[in-house]
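Below is one structure, written out as structure tokens, with a few remarks after it.
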Amino acid sequence: MAALVGRLGNGDLKGLIARNGIFIAFVVFMIAFGIGVDRFLTFQNLENVVKTTAIIGVIALGVTVVVLSGNLDLSVGSMLSFGTVMVVDLHDKIGPGAGILVMMIAVLALGAVNGLLIGFLRLNSLIVTLGMLSAIQGLTLIYSGGKNVDIDPSTQDTTWFRVFGRGEIAGVDMPIIIFFALAVVIGMIVAYTPYGRRVYAVGGNPTAAVFSGIRRNRVVFSTYLVSAFCVGIASIILGSRVMGSQNTVGQGYELLVLAGVILGGTSLLGGSGSILKTVIGVLILGFIQNGLLLLGYPFFAQWIVTWVVIILAVWLDVAAKRGRLLSPIA
Amino acid sequence: MADITATQDGSGANRFLHWIIHHPIWAFVVIVFIFFSVMNEHFFALGNFKNILIQASTLGLIALGMTLVMINGNIDLSVGAVVALAASLTVDIMGWPMFEGWGNWQILPGVLAGLAAGVLLGALNGFIVWKTGVDAFIVTLGAMLGVRGLVFVYTEEQSFFAMNFAYSDFGASSLVGLPTLALIFLVFTALVHILLSRTVHGSNTYAVGDNREAAVNAGIRVGPHMMINFMIVGFFAALAGITLSTQMGASTPNLGTNFELWVITAVVLGGTKLTGGAGSIIGTFGGVLAIQILRNGMNLMQVPAFWVLVILGSILIGVLFLDKQLNRKGAEELRL
């Protein structure tokens, strides 16, 4: 289940394709765009795409953990607005270090509210996080008084806070490094630790998980902390890159993130999927956007293509599992 | 609201209790109604009630269709995008040169195109859910992005303005003493209520949501049935887009953003279960009114709009919590 790549050598080519369809699609897709579009497969362009995808990507890592445990988190978009506004606003007031600390605590507290309601009170995650989406958007506006915030222009080039969004190490942009580093850490935890196995177990079969002695409530609670933590990191990157923030900066992110997670092949029912798949899913979304722009299509054409791609991807996944293309519903 | 108190005074105090337990949202509606009537002098006025109904009509129309889809155990996240698409199509097409000589009739092809787009997209969603077996949440999430993309590409990110003022006059008009938009909402509420509670399609809606396998075995053609409900919600989303644009005499490509969230909130407040099989139009109507009375009342009391978001979110979660407590099956439920 947790295997990053489906087990080779069981001879079943169809099953192999079904399990790893997303990787094959990714390679085919990259080759096709590479041939069809000049400038697509240049290091500069690839770096650019990954950099712009990093914020959605970081959030998607946390959301994947939530989805693996069989729940949803629609509050991440609002939470991103909240975190970004807060970290930018506090930068000038109490300094970047303290600002980051306070923001992370605040965001984790919001995640804890999600976790308490869904993990311990056992409420439906879709509705709870929908309510939180609205409530956190309100909190953000109350906090900022409805005004946009920004970091004092005179310090924008000197503050060390700029490193998260604008810095680079050995020529690689910092958002990319943060994204991949976090992906490796969370990917390892999910795939190779007892905690990760508990997340899969709770998502795969909650009843069986509880009977095997897993404390379901705690596991679910913790996944929302992971999700909130990732949103906090994304807020730092976003705030640092823009050096300012609107109150609605994260609006709609929850669905773009979810689109990436689903496209990667993580099941919304829980118990099946992986961090690597999500990384690929999110990157595909980024490359679709980039490729279409390079081809001269309007920016929003990517959404139409994403629509088709998501449904095709999930359809093939579902069809492979049931062994027939069309649903048996009359 | 008058008939609620009437039943209470009459013989059936028990029946009222029974009714209110099944529609707790109406207790909430009455409470906020009384609260704002006492707290604000401008709230309890006929003009304001008309206002509330007009404001409620947009979300309310979509919520009617969403109730059917959610009782089916499905969901439609694409309604907000359909609102924008229908509004943009309608306002744009009625300004096409080929309809110039039609007088006020030039509005008709626009409206028909807008409604047709909604029904077609609903049919597409329903057809995909039926044939592929992919969860409606995912199908309509994709459509939500894709249709919004269509809107932006079609409009080239521009707003359209209705040059024929009969269009915006319609939005401000009244019929038999009621604002026309409110009347449209009330009439459709009654129609969908009858559809859901008095027809075969209605009982099938519950059956499919309650147990899809059993519904198939009972001979219900589940696929086409679900598709029809998606077409109904598509129709209502398009209608809401058109009525909303008559209020402004214009359409913007961002119209309807987040409507899906508000509509789902209203429907869930009204007692419809996300898992399907339970819900009612009376409940949904209460949910829509609750949201709109809160918005209107808090607006009149000059509560910053920000707080309305926090309070609505909290109420949604609170209702979910109460619902779980009230409907707990007791000892038979395995506490995991």
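Cβ coordinates are placed from backbone N, Cα and C, and glycine is handled just like the others.
Keep in mind that this is a model prediction, so the values were computed, not measured.
Beyond its flanks by at least six residues, the transmembrane segment (B:20-40) meets 1, 4, 269-271, 280, 282-283, 286-287, 289-290, 293-294, 296-297, 300-301, 319, 322-323, 326 of its own chain at Cβ-Cβ distances under 8 Å. Residues annotated as transmembrane segment in TrEMBL: B:20-40 (among others).
The list of residues near the transmembrane segment (B:52-71) in space but at least 6 beyond its ends in sequence, with Cβ under 8 angstroms from a Cβ of it, reads 79, 83, 136, 178-179, 181-182, 184-186, 188-189, 192, 195-196, 205-206, 209, 226, 229-230, 232-237, 239-240, 243-244, 247, 259, 262-264, 266-267, 270, 272-274, 276-281, 284-285, 287-289, 291-293, 295-296. Summarising the annotation, TrEMBL assigns transmembrane segment to B:52-71 (among others).
As annotated by TrEMBL, transmembrane segment applies to B:77-99 (among others). Counting same-chain residues at least six beyond the ends of the transmembrane segment (B:77-99), those with a Cβ under 8 angstroms from any Cβ of the stretch are 58, 62, 65-66, 105-111, 113-115, 117-118, 121-122, 125, 137, 140-141, 143-148, 150-151, 154-155, 160-164, 167, 233-234, 237-242, 244-245, 250-260, 263.
Per TrEMBL, transmembrane segment is recorded for B:111-130 (among others).
Residues annotated as transmembrane segment in TrEMBL: B:136-154 (among others). Among residues of the same chain six or more beyond the transmembrane segment (B:136-154), those with a C-beta under 8 A of the stretch's C-beta atoms are 69, 74-78, 80-82, 84-85, 88-89, 121, 124-125, 128-129, 253, 260.
Feature annotation from TrEMBL assigns transmembrane segment to B:175-196 (among others).
What TrEMBL records for B:226-249 (among others) is transmembrane segment. Remote same-chain residues near the transmembrane segment (B:226-249) are listed as 54, 57-59, 61-62, 64-66, 68-69, 72, 74, 76, 78-80, 82-87, 90-91, 111, 114-115, 117-123, 125-127, 129-130, 161-162, 165, 167-168, 170-172, 181, 184, 188, 192, 201, 205, 208, 255-256, 259 (criterion: CB distance under 8 Å, separation of at least six residues from the stretch ends).
Distant neighbours of the transmembrane segment (B:261-294): 22-26, 28-29, 32-33, 36, 52, 55-56, 59-60, 62-64, 66-67, 70-75, 79, 189, 192-193, 196-197, 206, 208-211, 308, 311-312, 315-316, 319-320, 323; these residues of the same chain sit at least 6 beyond its ends, with a Cβ under 8 Å from one of its Cβ atoms. Positions annotated as transmembrane segment by TrEMBL: B:261-294 (among others).
Using a Cβ-Cβ cut-off under 8 Å and counting only residues 6 or more beyond its ends in the same chain, the transmembrane segment (B:300-322) has close neighbours at 24-25, 28, 36, 39-40, 42-43, 48, 265, 268-269, 290-291, 294. According to TrEMBL, the transmembrane segment annotation covers B:300-322 (among others).
The list of residues near the transmembrane segment (B:111-130) in space but at least 6 beyond its ends in sequence, with Cβ under 8 angstroms from a Cβ of it, reads 74, 76, 78, 82, 85-87, 89-90, 93-94, 136, 139-140, 143, 147, 222-224, 226-239, 241-242. Outside the transmembrane segment (B:175-196), and at least 6 residues removed from its termini, the chain residues within Cβ reach (under 8 Å) are 50, 53-54, 56-57, 60-61, 64-65, 67-68, 71, 202, 205, 232, 236, 239, 243, 246-247, 280-282, 285.
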